[in-house]
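Okay, so here's the structure we're looking at.
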Amino acid sequence: MVLCFPLLLLLLVLWGPVCLLHAWPKHLTRAHWFEIQHIQPSPLQCNRAMSGINNYTQHCKHQNTFRHDSFQNVAAVCDLLSIICKNRQHNCHQSSKPVNMTDCRLTSGKYPQCRHSAAAQYKFFIIACDPPQKSDPPYKLVPVHLDSIL
């Protein structure tokens, strides 16, 4: 039993940063946080676009992809055939056509002085969708997670 406590403590220390990477601000719904992180109707310079996300999380996010489309169009992907997500859940959906995106990657700096580079992309994407919460738009399903870019 004495050996279990240090092992448990080590697991908690290692798990903490992983949990923070996938957390979202609790005053936002998952769909609203998805919109903030991944929908930018017209391209913005990455440092400016990422500052909004970094201000919520209080750290420099290493990588983020913005779709240049409306929330309504991205949410429409949730109505397409469901597929298996990376986490083995069955609530993912693939876009039927590629869309313009900007991939932002951290190049230097520490919060709040984060610096990101930009790469334009035209690709398909896979999103996870869930039923909306009370304050979400009234769609049958709403996007809550960017699962992958193809």
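Cβ atoms here come from the backbone N, Cα and C positions, even for glycine.
Features of the protein shown, as given by Swiss-Prot:
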ACT_SITE  H38  active site, proton acceptor
ACT_SITE  H145  active site, proton donor
BINDING   K61, H62, Q63, N64, T65, K86, R105  substrate binding site
DISULFID  C46-C104  disulfide bond
DISULFID  C60-C114  disulfide bond
DISULFID  C78-C129  disulfide bond
DISULFID  C85-C92  disulfide bond
CARBOHYD  N55  N-linked glycosylation site
CARBOHYD  N100  N-linked glycosylation site
SIGNAL    1-23  signal peptide
SITE      K61  site 'Critical for catalytic activity'
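Here the features listed in Swiss-Prot are placed on the structure.
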residue	record	DSSP class
H38	active site, proton acceptor	helix
K61	substrate binding site	coil
C78	disulfide bond	helix
K86	substrate binding site	coil
C92	disulfide bond	strand
R105	substrate binding site	strand
C129	disulfide bond	strand
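Among the recorded positions listed here, namely K86, C92, R105, C114, C114 has its C-alpha nearest to that of N55 (N-linked glycosylation site). According to DSSP, C114 (disulfide bond) sits in a coil region rather than a helix or strand. Counting only residues at least six positions away in the same chain, the Cβ atoms of M50, N54, L106, G109, K110, Y111, C114 sit under 8 Å from the Cβ of C60 (disulfide bond). Spatial neighbours are here defined as Cα atoms within 10 angstroms of one another, and by that definition C92 (disulfide bond) has no neighbours among the recorded positions H38, H62, T65. Under the three-state DSSP scheme, H145 (active site, proton donor) falls in the strand class. Taking the C-alpha atom of K86 (substrate binding site) as reference, the shortest distance to any of the recorded positions H38, C46, N100, C129, H145 belongs to H145. Among the recorded positions H38, R105, H145, the ones whose Cα sits within 10 Å of the Cα of C46 (disulfide bond) are R105. Fewest Cβ neighbours within 10 Å among the recorded positions K61, H62, R105, H145: that distinction goes to H62. In sequence order, D103, C104, R105, L106 constitute the residues six or more apart from Q63 (substrate binding site) in its chain with CB-CB distances below 8 Å. Recorded residues K61 (substrate binding site) and the residue listed as 'active site, proton acceptor' have their alpha carbons 13 Å apart, per Cα-Cα distance. Distance from the CA of C78 (disulfide bond) to the CA of N100 (N-linked glycosylation site) is 18 Å. The local packing around K86 (substrate binding site), expressed as other Cβ atoms within 10 Å of its Cβ over all shown chains, amounts to 11.
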